[in-house]
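> Let me begin by handing over the structure; questions about it come next.
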Amino acid sequence: MSLPMLQVALDNQTMDSAYETTRLIAEEVDIIEVGTILCVGEGVRAVRDLKALYPHKIVLADAKIADAGKILSRMCFEANADWVTVICCADINTAKGALDVAKEFNGDVQIELTGYWTWEQAQQWRDAGIQQVVYHRSRDAQAAGVAWGEADITAIKRLSDMGFKVTVTGGLALEDLPLFKGIPIHVFIAGRSIRDAASPVEAARQFKRSIAELWG
């Protein structure tokens with residue numbers, strides 16, 4: 001089983017704020033995510049600027065595309081994104097359109113599982129050639145005190161068994177990682193637990209050490 005990658009989510013409102021994080025920890029992570037909040041705040045220039053600074057890193061545009069899949073994904077890929085996200089409630093043709101464009105750029109598409117989705121949809125995504133999904137505990141659910149549970153683990157295992165590369169996100173803390181041991185997680189996303197730590201560098205390194213211990 002290969003080691004899960006570590007992704008930092010830049011859900012900052014401005015580039016200046018995002019740079020405060022990347023200056024410290026860009027070299028400690030595998031993937032730099034231009035979060036939805038930053039995408040809205042700064043547009044695709046955030047993707048372009050971060051990829052220019054860190055060309056050796058995977059840069060994800062978390063656009064959560066809901067419609068106009070070809071147009072929006074092309075905007076992201078032309079800004080040099082490596083991956084883009086499509087929201088799970090989008091029509092299957094939106095996901096297919098985004099994937100078609102991704103292939104032109106040797107990029108990839110992730111389906112963001114935020115909110116309601118079905119296993120029938122999951123099979124449609126697989127049939128369409130989608131390889132990546134993001135299992136997401138929403139920010140609002142976290143705020144309401146919803147913790148990771150057995151239902152989450154069961155769903156993640158099922159998605160993996162279907163052949164998806166699964167990314168896990170949603171207020172992920174270091175102590176949560178053992179919950180996923182034994183599952184071939186593709187990526188773990190940490191946002192505030194790294195960005196807001198007393199030492200973001202040490203927080204990122206602790207995540208990497210724990211991943212190596214649990215999956216190595």
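In case you wondered, yes, glycine gets a Cβ from its N, Cα and C as well.
These figures come from a predicted structure and were not determined experimentally.
As listed in Swiss-Prot for this protein:
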| type | residues | note |
| --- | --- | --- |
| BINDING | D11, R192 | substrate binding site |
| BINDING | E33, D62 | Mg(2+) binding site |
| SITE | K64 | site 'Transition state stabilizer' |
| SITE | D67 | site 'Transition state stabilizer' |
> For D11 (substrate binding site), which DSSP three-state class applies?
coil
> Going along the chain, which residues six or more apart from E33 (Mg(2+) binding site) have their CB under 8 A from its CB?
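Listed in sequence order: Q7, V8, A9, L10, V59, L60, D62, I189.
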> Among the binding-site residues D11, D62, which residue has its Cβ surrounded by the fewest other Cβ atoms within 10 Å?
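Per-residue Cβ counts within 10 Å for the binding-site residues D11, D62 bottom out at D11.
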> Could you give the Cα-Cα distance between K64 (site 'Transition state stabilizer') and D11 (substrate binding site), in whole Å?
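Pair distance, Cα basis, whole Å: 13 Å.
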> Counting only residues 6+ away in sequence within the same chain, which have a CB under 8 Å from the CB of R192 (substrate binding site)?
D11, G171
> If you count Cβ atoms within 10 Å of the Cβ of K64 (site 'Transition state stabilizer'), leaving out that atom itself, what do you get?
21
> Using a Cβ cut-off under 8 Å and a sequence separation of 6 or more, which residues in the same chain sit near D67 (site 'Transition state stabilizer')?
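Once residues fewer than 6 apart are set aside, D67 (site 'Transition state stabilizer') is near A90, D91, T94.
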